[in-house]
């Protein structure tokens, strides 16, 4: 149906309708713009979320990357980042394909609508003006007719009156004829203009206005069609990213499917395996033999045998499971060097020092020297607390358990080999360049390459020396690591040792001054088991209870001030009274406690020890 034929008299309503259509188009444009902003904000939030949970550049996150579920989560985050990118694509396409296009089209539509209604108003004004002129002609014709009628009636009255002169009658007759002529002219003008107006009105309502309304109808239909196209584009913009979004979701599903619990469990073993042997069986201690002791059994040799038994017993203790970390730290951080001699200017007399027999200058000095010499021949054992904090440690990773040390050395060696290969590739490339310069001198000076070749050669030499050093350490640790057959053999040997008497020299070579178990003299120092020096009973509560600590066996008074700079020692002031929790074991150090949390070693020759009676009897 045509607007021109059906709505010829609805000019004002059509004007309002077309204006509403344009406003609706602007409303849809605003909707798409807000949707685009939502997509942009959603993509931004998704990207921020993915970035927030991305692994940071630290050792812990690098450790996490070993596990399949961590890698799967990282892959999910990467896919989520790509997923956010697709929502950015949606927002960008909505902006470029719909919002920008509709904004331009709306301006064109407003201009076109304004032009059409301007023409319509102009035609309307023209027909209204013609109608006014027609009405003017009609009124003039009507007025002239009335004037002619009055003039004719006046002439007839004058002509019938005998008292009127002939001249007045003639004048009235001429006046009536003139009015009649004017009425006739007005009639002709009115008739002519009426015909003209009818033509113009017919053209206005059947040609001009229908054409304008037809253009408005076409404009409105194009607007509706454009709106439909934009709505379709709106859906297609979202549909276009679905394949890639599907791939992102498939990637997340694939990442989830790549999780391997068994492999992760195996990786835990690879990450934390120490390479130490499990502790052997705990030997039986026959306390009934104490009743058969003689006076000779209290000699120094028997005291040493007791230490050997204590050392042998301590081999079977499960130090990795000790809960009391302070006790473990104190044991691992006992001094590794002989205690200092007391000040020469104020050495106390032998009678003034009741514990002088325990001084390192008495009969126990050779044992201390042997222990100190033994420790000097080994790399120092690092504080376990510093390892837990992630300290740097020595270059050869000797502070790590054997298995972890082997992995660190192997990784370092692989890195060095990669660096060597990189340097060799650069050397080969420069050598080829030099050959080209030699064959074609115009391309460059061969001598200009020599400094770089020399530098690369030096780098390769340094890296090779470094690699040889790590290869030696790696071969050493692999040689020291026990195999399954070695473990079985050592277990049998340990059982045999439990049933035989151990010599003094063996006990001295197997027990370090800080109470840690070590290998033979030609082997690398490795922490095997932590010993509680004051423990003389096989009570497991002493090892596993956090609340239990070493009992106080006496007190001591500081004869001289001691600064306690060495690791594992404790400072004391002259005259200070401390609690003794462990006697001198022959290395010249006595273990004391100031309060519940502060304990350490002090030189035996620096203190005067007062042991309790029950402690001496025991």
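Along the chain as shown, the residues are counted starting at 1.
Quick reminder: no glycine exception, Cβ is built from N, Cα and C everywhere.
Here's what TrEMBL has on this protein:
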type     : residues : note
DOMAIN   : 1-264    : domain 'F-BAR'
COILED   : 131-175  : coiled coil
REGION   : 293-319  : region 'Disordered'
REGION   : 331-366  : region 'Disordered'
COMPBIAS : 336-345  : compositional bias 'Pro residues'
REGION   : 385-408  : region 'Disordered'
DOMAIN   : 399-476  : domain 'REM-1'
COMPBIAS : 495-507  : compositional bias 'Polar residues'
REGION   : 495-546  : region 'Disordered'
COMPBIAS : 518-538  : compositional bias 'Polar residues'
DOMAIN   : 551-612  : domain 'SH3'
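For the domain 'REM-1' (399-476), the DSSP-based tally of helix, strand and coil residues reads 72 helix, 0 strand, 6 coil. Tertiary neighbourhood of the coiled coil (131-175): same-chain residues 182-183, 185-187, 189-190, 193-194, 197, 201, selected by CB-CB distance under 8 Å and a gap of 6+ residues from either end.
Helix first, then strand, then coil: DSSP counts for the domain 'SH3' (551-612) stand at 3 helix, 29 strand, 30 coil. Over the domain 'SH3' (551-612) the predicted model carries a mean pLDDT of 87.
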